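Trainee: Pasting the relevant annotations from TrEMBL:
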- B:GLU46, B:ILE372, B:HIS422: Mg(2+) binding site (BINDING)
- B:CYS65, B:CYS68, B:CYS416: Ni(2+) binding site (BINDING)
- B:CYS68, B:CYS419: Fe cation binding site (BINDING)
Amino acid sequence: MHEHSLIANLLSRIDAVAREHSATRVVGVSVWIGALAHISASHFREHFEDGSRGSLAQGARLDIEVSDDPEHPQAQDILLRSVEVG
Amino acid sequence: MTETTRTIEVNQLARVEGEGALHLAIDGGQLTAAQLRIFEPPRYFEALLRGRDCREAPDITARICGICPVAYLMSSCAAIEDLCGLSVPAPIADLRRLLYCGEWIESHVLHMFMLHLPDFLGYPDAVSMAREHGDLVRTALRIKKAGNGIVALLGGREIHPINVRIGGFYRLPTRAELAPLRDELAWALDAAEQALLPLAALDFPDFERAYTFVALRHDSEYPMGRGRLVSSDGIDLPVASYDDYLTEHHVRHSTSLHSRTAAGGVVHLGPLARYALNHDRLTPRARAAAQAAGLPPVVRNPFRSILVRGVEVVLALEEALRLIDGYVPGDTPAVAFEPRAGTGYGATEAPRGVLYHRYTVGEDGLITDAKIVAPTSVNQAVIEADLRHYVEPNLHRPDAELRAVCETAIRNYDPCISCSAHFLKLTVERR
Ligand SMILES: [Zn+2]
């Protein structure tokens, strides 16, 4: 049940980045998912597409890298890597 | 038109926020209140479902939880099929059970090894545990992946958004498509049996409570997708009578509702309940695994739920292999039906316990009312009661330690509300 809150947090960060750079739209978003983050790339994508509707990130390309290293210091985390703005 | 875009490096953590909060009130060294507040999407989805075609219910509700989407699919299918007087043929029922096995494996392994075990071994989270127990974590991830293979194939996320529909599936897998899952599941079954032994030797808190267990029970199988609603108090009801047995009440401290029996009783859903009420339905290797782990037929220590989940992983793997070996595709992927007006009831055993759906549909096939009761919200009262008993001897400890104690007790029930390490917003009022 945590996806809604996770995606909302991610979108507010994306929004902040876009506004900071006076961007009018978000073209691409790149995220990294740790091996122990408990969410699959496809599930993440679905929630992102749902959640981004009506936001600056609606329709943005989503690049997802999924790590398979459980010993990575951030293996439980999801990182917003970069935001491509236009 | 010239396209100019810039890529901005961010590298920030995306966080889960506002999921759970616990308020403890301590007065003169006595715990006077333990109130857990959980964020509860089902309420939001109930509103969203109104006015939608009843055939959309499975796909919509599957989005409620990323850890147990299959449970939502299955409960909503069961409810709409009940409404339409539909019963699915054996090959479809078998495939659904196989799909459910996949989810139990994934969800239980995640819960056991990534969320629960670090508490017992004294690590703040799975990442620090993985540094010293890399092999164990890799084994667990591989078992989990075997379950994931089932869900990926039958759920068909890559092929179709979701392959399950009212009356069956969009597309049935061939025997040849299922066969490659077999080797990995057989490996996982051995690995799960082995992995359970060191867990049985963990140092469990000496803590037992007299729970009222509630679970499904079926004539011939350990319950997943069907059965009657039974309890350790002796109730035995069709799922359609769920609302007569458990009713929801608003409580002031939480946005979610509390479920109580008509007599005001608190019930316990989940692996301990399923196991206690269906011990005679365990598969042979699951029964042996329970015995090897030193589990009696009824387990009342919630911390030992890690072992009962392990027994259910063995059961799910054994069942998955049986279902794959016996699979003969039917002639049709789904039973045809026409929506009709009425109310339908469905309950299945999500990894964390009974998940109940009720839909009322109008003549036009549109949903006029939906009720979804997630096991977490039913268990909220029992979690609070556990917390009161478990936290009491620890009240003198500093808040940070107290929070760790509380999180451990909550993790006996649910990773959905305790997924991130240290997310719990704890407020302590000391007087
Ligand atoms: Zn869930």
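Here the Cβ of each residue, glycine as well, is placed from N, Cα and C on the backbone.
Just so you know, TrEMBL annotations never went through curation; they're auto-generated.
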Trainee: Using Cβ atoms and a cut-off of under 8 Å, determine which of the binding-site residues B:GLU46, B:CYS65, B:CYS68, B:ILE372 neighbour chain A, and list them by sequence position, or give 'none'.
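Mentor: Near chain A: B:CYS65.
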Trainee: For the binding-site residues B:CYS65, B:CYS68, B:ILE372, which sit with their CB under 6 angstroms from an atom of ligand 1?
Mentor: B:CYS65, B:CYS68
Trainee: Specify the secondary structure state of B:ILE372 (Mg(2+) binding site) as given by DSSP, simplified to three classes.
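Mentor: Once the DSSP labels are grouped into three classes, B:ILE372 (Mg(2+) binding site) ends up as strand.
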Trainee: Expressed to the nearest Å, what is the distance separating B:GLU46 (Mg(2+) binding site) and B:CYS68 (Ni(2+) binding site) at their Cα atoms?
Mentor: 17
Trainee: Please report how many Å separate the Cα atom of B:ILE372 (Mg(2+) binding site) from that of B:CYS65 (Ni(2+) binding site), as a whole number.
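Mentor: About 13 Å separates the two Cα atoms.
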Trainee: Taking the Cβ of B:ILE372 (Mg(2+) binding site) as the centre, how many other Cβ atoms fall within a 10 Å radius?
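Mentor: For B:ILE372 (Mg(2+) binding site), the 10 Å Cβ neighbour count is 24.
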Trainee: Over all shown protein chains, what is the count of other CB atoms within 10 A of the CB belonging to B:CYS65 (Ni(2+) binding site)?
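Mentor: For B:CYS65 (Ni(2+) binding site), the count of other Cβ atoms within 10 Å is 26.
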